[in-house]
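Taken verbatim from Swiss-Prot:
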- Asp13: active site, proton acceptor (ACT_SITE)
- His41: active site, proton donor (ACT_SITE)
- 12-18, 40-42, Arg304, 330-332, 412-414: GTP binding site (BINDING)
- Asp13, Glu14, Gly15, Lys16, Asn38, Ala39, Gly40, His41, Thr128, Arg142, Gln223, Thr238, Arg302: IMP binding site (BINDING)
- Asp13, Gly40: Mg(2+) binding site (BINDING)
- Thr298, Thr299, Thr300, Gly301, Arg302, Pro303, Arg304: substrate binding site (BINDING)
Amino acid sequence: MTSVVVVGTQWGDEGKGKITDFLSADAEVIARYQGGDNAGHTIVIDGKKFKLHLIPSGIFFPQKISVIGNGVVVNPKSLVKELAYLHDEGVTTDNLRISDRAHVILPYHIQLDQLQEDAKGDNKIGTTIKGIGPAYMDKAARVGIRIADLLDKDIFAERLRINLAEKNRLFEKMYDSTPLDFDAIFEEYYAYGQEIKQYVTDTSVILNDALDAGKRVLFEGAQGVMLDIDQGTYPFVTSSNPVAGGVTIGSGVGPSKINKVVGVCKAYTSRVGDGPFPTELFDEVGERIREVGHEYGTTTGRPRRVGWFDSVVMRHSRRVSGITNLSLNSIDVLSGLDAVKICVAYDLDGERIDYYPASLEQLKRCKPIYEELPGWQEDITGVRSLDELPENARNYVRRIGELVGVRISTFSVGPGREQTNILESVWASI
């Protein structure tokens with residue numbers, strides 16, 4: 001029984017897809033356990049970029065099983081589109097399995113997402129308008145439609161009719177918005193269900209059988225710990241649990257079967273959308289990092305906010321997700337800077353604190369306390385070991401490991417598979 005969980009430790013966009021793809025080489029099953037198509041991940045294979053939003057990164061290994069678990073909310077329209085994209089690129093999807101217990105995102109979820117965000121005015125939370133939150137709301141309210149329901153024509157029609165009638169009343173009475181048509185949605189989405197039917201099964205059986213047989217299973221999280229609905233910067237969060245604990249709920253695998261948790265982070269910090277960001281940069285250094293790091297959202301295309309590495313955030317992520325290993329990405333983006341900074345603590349009203357406050361009002365008053373290290377000018381994109389890094393870059397990497405309190409297993413100096421360097425094999429140490 002061997003399992004590894006990959007989680008983002010910041011606000012998403014840390015390079016989880018790349019690290020999952022890298023670790024997938026030694027896994028036999030790869031599974032997503034939460035989120036939806038609001039999370040984009042980019043994988044580079046032989047110089048070619050593949051951008052996925054819903055299907056696990058492991059799909060590029062045809063001999064391995066890729067799983068969309070029950071904790072994921074699935075937009076069938078997006079899924080069918082993504083399948084077609086992969087097929088057009090010559091990628092087989094015969095190895096995909098989708099949980100029959102996963103909940104379905106429907107057009108009324110997306111419309112409600114947009115209307116709710118618009119109604120917030122200046123208090124918007126920066127949702128991707130993918131219907132994720134409303135779909136999870138229906139799930140919690142026990143009125144959601146699952147993949148198993150989508151495949152049954154009569155059940156789907158009955159539940160869609162009830163849900164749409166309620167949502168249309170809401171659209172018309174509360175938001176003065178146009179109601180949606182039952183027949184159009186039913187016809188379109190039932191057809192999508194038939195297209196994905198071949199992939200649908202009880203994925204908890206597949207995952208537990210694989211683990212019981214001694215196979216290596218890799219769990220892939222979406223977003224990041226700081227976007228977790230319980231542990232993140234609430235309410236500027238997603239509607240699910242990206243933390244490692246979300247695996248057990250979102251996959252049907254018990255906590256006793258989880259061996260390692262790999263936390264993925266960048267050598268700096270980025271965030272899409274609104275919400276607290278203590279180390280955010282507004283100067284030319286921030287702009288340089290954004291441009292060199294191509295910091296634009298995979299899903300939204302929006303410029304990401306960028307800032308210095310925040311070890312307070314990282315220690316919070318380590319604690320609430322039980323991180324055992326760290327994967328440090330995008331070190332190369334910092335090349336050329338005269339100095340680099342790491343936030344080691346916050347100043348809150350004159351008091352030094354080393355924890356991440358839950359209160360948004362306190363976070364607004366938090367000022368980062370920095371440790372400054374000398375930068376490096378060398379191009380490190382061809383580096384293949386820690387010893388090959390310039391001394392200043394090597395010291396920066398080591399200092400991050402010390403401040404976070406987790407050993408660094410891999411570090412990356414570019415987007416390619418070959419630019420990921422192993423310091424310690426996660427699989428071998430289990």
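Cβ atoms here come from the backbone N, Cα and C positions, even for glycine.
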Pairwise CA distance, Thr300 (substrate binding site) versus the residue listed as 'active site, proton donor', rounded so that it is a whole Å: 12
For Thr128 (IMP binding site), the one of Thr42, Gly301, Arg304, Ile331, Val413 that lies nearest, given that the binding-site residues are compared by Cα: Gly301
Lowest local Cβ density (other Cβ within 10 Å) among binding-site residues: Gly40, Gly301, Pro303: Gly301
Rounded Cα separation (Å) that holds between Gly12 (GTP binding site) and Gln223 (IMP binding site): 4
Fewest other Cβ within 10 angstroms of its own Cβ, chosen from the binding-site residues Asn38, Thr42, Thr128: Thr42
Spatial neighbours of Arg302 (IMP binding site) that are distant in sequence (at least 6 apart) but have CB under 8 A: Val272, Gly273, Tyr296
For IMP: widest Cα to Cα gap among Asp13, Glu14, Gly15, Lys16, Asn38, Ala39, Gly40, His41, Thr128, Arg142, Gln223, Thr238, Arg302 in Å: 34
Neighbour count (Cβ, 10 Å) for Gln223 (IMP binding site): 28
Spatial neighbours of Ile331 (GTP binding site) that are distant in sequence (at least 6 apart) but have CB under 8 A: Ala267, Ile380, Leu389, Ala393, Tyr396, Val397, Phe411, Ser412, Val413
Of the binding-site residues listed as Gln223, Pro303, Arg304, the one whose CA lies nearest the CA of the residue listed as 'active site, proton donor': Gln223
